[in-house]
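Trainee: Mind having a look at this structure? Questions to follow.
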């Protein structure tokens, strides 16, 4: 699971609230994290592998949106590997982990492992948050015809730059001036928590607004494409809206427990003694949400693939296929019939609007197909309602 408490636990003089949750059944909790992360990791990879009966471009088209979706899954996979590695060391080498709590200890490897693994997990999941924000921005810009493959470079700079900057800044403020004095005051801890939860809250607040604007823009484009709003186009717009809803639903399910848990622990930190009887229910709620985090945080990767692509099946196709060169298929198809291209009746093509679709319609179809990719029924309906399809 991903929580700023993991970095806080690396401090020998950690606060009582962090001590409460991290020392609560550590063997059971680490086992839960390993199980959840392993299941999510295997299912996510299974979802992304090519399947029999599906062409590779069906899973990943050359668009910025599809690239962002793949990068989100990669961040989740790498973050899950970090959770498995950290929890495995925690279970397999308890004496090594016990040295983290030693004040002024000479062995720095336990503290280095604690800080390094926690930073790895935080960095990858934070980058996933930024990529999810970029996906919402890109979806809106695609409909506004202001985005393309070239913008992916800007997204990389923004995502990895902000993720690294916030992570390093939060860790530096937490462990300043040294690892042994990082929790001597809230002035060290609060900036670290803020830098951790800023991208998460940004996705929770801004992404629904951008998704709503994108859905409204899609409806306007579908109405203005041919001057009518057919049942197929209405259904296509609804499916794009449902897809955005699934993405936000998965995000809320996986990360709302983190916000609740952090609020409870912060409240406990404000109390003079967290072991008082009136705080028993709050302590129990904090421990319950802590375990829920261990289950839901790693499962985000698999759940996101379901929201992105649906269930892709188990029939994995690992056979290597020779990619066909475009001009090979062109030459082979023309040699048998006619070695020369057939003449084109330009006059007929000019007077028949169905033969040559407008550039705006083509751009509209391409933009909408980027948002609905991964959904076969949506792609089929878009093709049938497209002027290109109707012209043929």
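Glycine residues also receive a Cβ, built from the backbone N, Cα and C atoms like all the rest.
Given the structure is predicted, the values throughout are model-derived calculations rather than measurements.
These came from TrEMBL, pasted as-is:
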- 28-49: transmembrane segment (TRANSMEM)
- 69-89: transmembrane segment (TRANSMEM)
- 109-133: transmembrane segment (TRANSMEM)
- 153-176: transmembrane segment (TRANSMEM)
- 196-215: transmembrane segment (TRANSMEM)
- 244-267: transmembrane segment (TRANSMEM)
- 287-311: transmembrane segment (TRANSMEM)
- 347-392: region 'Disordered' (REGION)
- 358-377: compositional bias 'Polar residues' (COMPBIAS)
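Let's see these features in context: how buried, what's close, how far.
Mentor: Listed by sequence, the residues of this chain that lie at least six past the ends of the transmembrane segment (153-176) yet keep a Cβ under 8 A from its Cβ atoms are 4, 7-8, 10-11, 64, 68, 115, 119, 122-123, 126-127, 130-131, 134, 138, 182, 188-189, 191-196, 198-199.
Away from its own ends, the transmembrane segment (196-215) comes close to residues 4, 122, 126, 129-130, 132-133, 136-137, 139-140, 143, 162-163, 166, 170, 237, 240-241, 244, 247-248, 251-252, 255, 258-259, 262, 371 of its chain (Cβ-Cβ under 8 Å, at least six residues beyond either end).
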Trainee: List, by number or range, the same-chain residues at least 6 past the transmembrane segment (109-133) whose CB is under 8 A from its CB atoms?
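Mentor: Distant Cβ neighbours of the transmembrane segment (109-133) are 2, 4, 6-7, 9-10, 68, 71-72, 75-76, 78-79, 82-83, 85-86, 89, 96-100, 155, 158-160, 162-164, 166-167, 171, 175, 179, 196, 199-200, 202-203, 206-207, 247, 251, 297, 300.
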